[in-house]
Amino acid sequence: MARLTEREARRQQQQHPPQQQQPRACPMSGPEPPAQQSDSMKDLDAIKLFVGQIPRNLEEKDLKPLFEQFGKIYELTVLKDRYTGMHKGCAFLTYCARDSAIKAQTALHEQKTLPGMARPIQVKPADSESRGGDRKLFVGMLSKQQSEEEVTSMFQAFGSIEECSVLRGPDGSSKGCAFVKFSSHAEAQAAIQALHGSQTMPGASSSLVVKFADTDKERTLRRMQQMVGQLGIFTPSLALPISPYSAYAQALMQQQTTVLSTSHGSYLSPSVAFPSCHIQQIGAVNLNGLPAAPITPASGLHSPPVIGTAAVPGLVAPLTNGFPGLVPFPSSHPALDTIYTNSIVPYPAQSPALTVESLHPSFTGVQQYSAIYPTAALTPVTHSTPQPPPILQQREGPEGCNLFIYHLPQEFGDNELTQMFLPFGNIISSKVFMDRATNQSKCFGFVSFDNPSSAQTAIQAMNGFQIGMKRLKVQLKRPKDTTQPY
């Protein structure tokens, strides 16, 4: 189910700007008579607010009394579908004064629930405005003797400073870095341009670092990357910027991650190939700590004999003949003679021969596979070879493989939930539950793995994992005979 985000709402508003907005006067957007329009001026640093969780039967004139108690309103626009004209349950609000916006956010954000709504109203700066992350600077390579007052004096020439804090260890000693928050984005940008790399502080190993502080999402992604690295898991969806990502690419990446995992943790299939549009080169990939699972041939292909990692100098080889879009990898595949002499006996031909027509539709047009295996390498396998289950078709995993996740961020959807738990194993399904009336996330969901060990690894790593101001609650979903899943 589609959800409206602040960024999408802002994009639609830019495509269809309000008809009655005037550049500097302070009118009310909407069907208000001219007598009620104000002649006040908008502050240069006025904040544009995003307002969510609004009943769909309320228009601008109905919302005005709620917001004008905090100050004069410059613009109030309810977002509507560009094609159907239907109310989307959110709006943009701009006050004439910056202080009015701050007061409204403090008094209303998640503090008041409007009639007919299940969740409290959301009032926060829109993405296009000066959010806290756009005004907050990270300052590194400071002298460990510098105090908050000295850091403040260094930056106060560029504007009004709202906060300044030096990061300190448990013993109270400075870590040589600080956070400085200005009152506007322009002031913070000016400080970056003037001070970044401008000097080397006493005792610092390199020049001064001044940059915008990371947002909550960036910090969360970085922590997840670090956690994945500690577990020894390689997950391209976390290691590379993948947005926007198609559903097919996610499913393919998930399947290829499963191919890399085996029941013994020491074998891999050389037939793995990653989409060149997302990964240009892959060096060595550490397989230590990969979740244990039976090897799954990619996209329905029967796997040739598995190969010990000691005999494989390169992880993968290019399918240049069958996949013209793939970029060759730096390592070459070992000769088949070498493979077959490593105490590995070829599969006997007891099953029907593999034909091109039986391949996955994604591999339509593949004419030959001699880039990796000659004809002998495609010898059919025995009937005892386990066949992989269909990817992303089963709604729930076996007993002990289904997780309940609570305290999810409001903006998280099915894709974000999948990417968060993909490092721990093969995901059968993932779902964030939505409110049918408001089309907003209920902030909880479910993830189903194909084996219990992956589920337990995910619980140990992600239960209590902090995202923003919330800590995830991750536990096994109760059996179906219980009335509640948690």
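Just so it is clear, glycine is given a Cβ too, placed from its N, Cα and C backbone atoms.
Quantities reported herein were computed from a predicted structural model and do not represent experimental measurements.
Per Swiss-Prot, these features apply:
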- 1-11: compositional bias 'Basic and acidic residues' (COMPBIAS)
- 1-39: region 'Disordered' (REGION)
- 12-24: compositional bias 'Low complexity' (COMPBIAS)
- 47-128: domain 'RRM 1' (DOMAIN)
- 135-215: domain 'RRM 2' (DOMAIN)
- 401-479: domain 'RRM 3' (DOMAIN)
Taking every residue in the domain 'RRM 3' (401-479), what is their average pLDDT?
86
What does DSSP give as the helix, strand and coil breakdown of the domain 'RRM 3' (401-479)?
22 helix, 30 strand, 27 coil
For a three-state summary based on DSSP, what are the helix, strand and coil counts in the domain 'RRM 2' (135-215)?
23 helix, 26 strand, 32 coil
